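For 85-110, 162-186, 245-264, 285-306, 326-346, 427-445, 451-472, 493-511, 523-540, the entry in TrEMBL reads transmembrane segment.
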Amino acid sequence: MDKKSSEDLGQAEITNRAPSIGKGSIIDADDRRLRAQGHKAELERSFSWLGALALAYRLAFYPISQSCLINFSSLSLYNSISNSWLTYASSFGLVLIYGGGVTTLFALLIAAVAQWIVFLGLAELCSAFPSSGGQYHFTYIIASPKTRNFGAYVTGSINILAWWITTCSGLIYTAISAFGCATAWFPDFAQQRYQVYLCYLGITVLSRKLQRLKLTSPPLTYPLFIVIPIYTIKQRYLDFMTESTTGFSLIGMVLTISVCLGMADGDYAPGTIILENRGISGWNAGTGWLLSIAAALYCFAANGAVTHIAEELPNPGRKLPQILSMSMAMGVVIVIPWTVAMLFSIKDMQAVQSSFLPSFEVFYQATGSKAAATGLQAYLTFLYYTCIPSQWVTCSRITWAFARDQGLPFAEYWQHIDPKRGIPWRTTLLSAAFCAVYGLIYVASTTAFNSIINATCLMLNLSYVIPQGVLLTQGRDKLPRRAFSLGKLGYAVNLYSVVFMIVIGVVFCLPQTNPTTAGSMNYNAPVIVGLFTIVCLLWIERRSKFNGPHIDWDLLNEANEEE
């Protein structure tokens, strides 16, 4: 190939990734910032500040599995997308096992502060490099040339797997919650795992019926349609969807508190329920506290998903840090009153700790009515159901961004944006296909299903911390000008995040009971090793093709200055 042809080929490669943009040639600073990272805008910036905050809040629904601790192996108390009080409604029974009421309340506060500091470091990176790629983009940009491709590929793969599996947990728990209501009325009914799986599939595909709706304006008169997990929904309706479903969640929180405290009619549990350590896990108090804090992290760990709608939000460099902090504050303010109300409603702690659905047991103890408890649990099931759309949004955006950088086999196919819907439709279907196949593991073994799901909180935090660790080693002077800067405090925040990851990495691998059995064993360590091995095998095929963003530092600094 002669010199001229080589130069032409190189220029064509740059042009395909993003046109060269000079100062003042693009009016929109958001698009200029994206082009400075080697990409062009393909998604409509349809999310408002409130809609993005609602998405982050919805992404806190994140229950964890305690099925190995009780007789009902089908219970998987783990779900995703950060609806803090809903997450705790599905998982606080596990924290009660670790330390009783005292850890259920105060470990939650400690977990919130611990996770918020990690998000501060993530928020600064979002402000510097806002893109749908999120953590793996940050890693690629600030890592050394020798390690950035592999580091970014591992970070992106871990993030995608974490969110795909997290979505599976949302689907399965919605199904299990529905079966839990039936079990309360028909004690002799023993659901089969294949029945739960069929319900799981139904939740995945149900929204396709609404694909025929021809909506020409925001469907304000059809709020019940918009809350269905419709991953076929057009881009311009996503903002309205997240705001609407968050409203249903807040109504549910107020409803459960009001009904439980109102029907208790002053017959509340004594203060010792909150102040005493009544854990039954077999661990000492210190370890019980650590396990409780780790379990409470599930209420907040998914908030970071909002970073992946950076290309659908105006002024993301300024707004994303605000949304991350506001979603954390919103989660704490909402989950604490709900937790206190539930603790004062408990009359038989052991019954809750050993219950198939701890939330249903608390509702029943508070109201004394099976019908009232069923009504509340049914509404919670409906709310779990409404969390699914935000999970599809997150999965599809992460996967699409990764395909755009040649991170997936057949990347050219997966990076397509559907012109009618304005969304990455193919990666949404890919995510749904993964969930359908992964759900088969539940039919074969609930222990295997839960073990993989329980590792996702660790995987999400690992993706948040890797770029911060790289930043520590490469120097914070690599960051461009940005709307949100931690300044000198950034070193402490980034170092804390790394230490935090090491500590919770150990805690997440501890067995849930002591002494442990084959049924209560913690398989997080082998699961993480297994997933990392799969990622490394995929890297062998992708290493010559995967390429992260190409940065124009002058253009990026200029665009960030305008925000």
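Positions of Cβ are set from backbone N, Cα and C atoms, glycine also.
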Taking the transmembrane segment (451-472) as the reference, which of 85-110, 162-186, 326-346, 427-445 gives the largest number of Cβ pairs under 8 angstroms? 162-186
Selection from 85-110, 162-186, 427-445, the stretch that has most Cβ pairs under 8 A to the transmembrane segment (326-346): 85-110
If you count every Cβ pair below 8 Å, which range out of 85-110, 285-306, 523-540 shares the most with the transmembrane segment (245-264)? 85-110
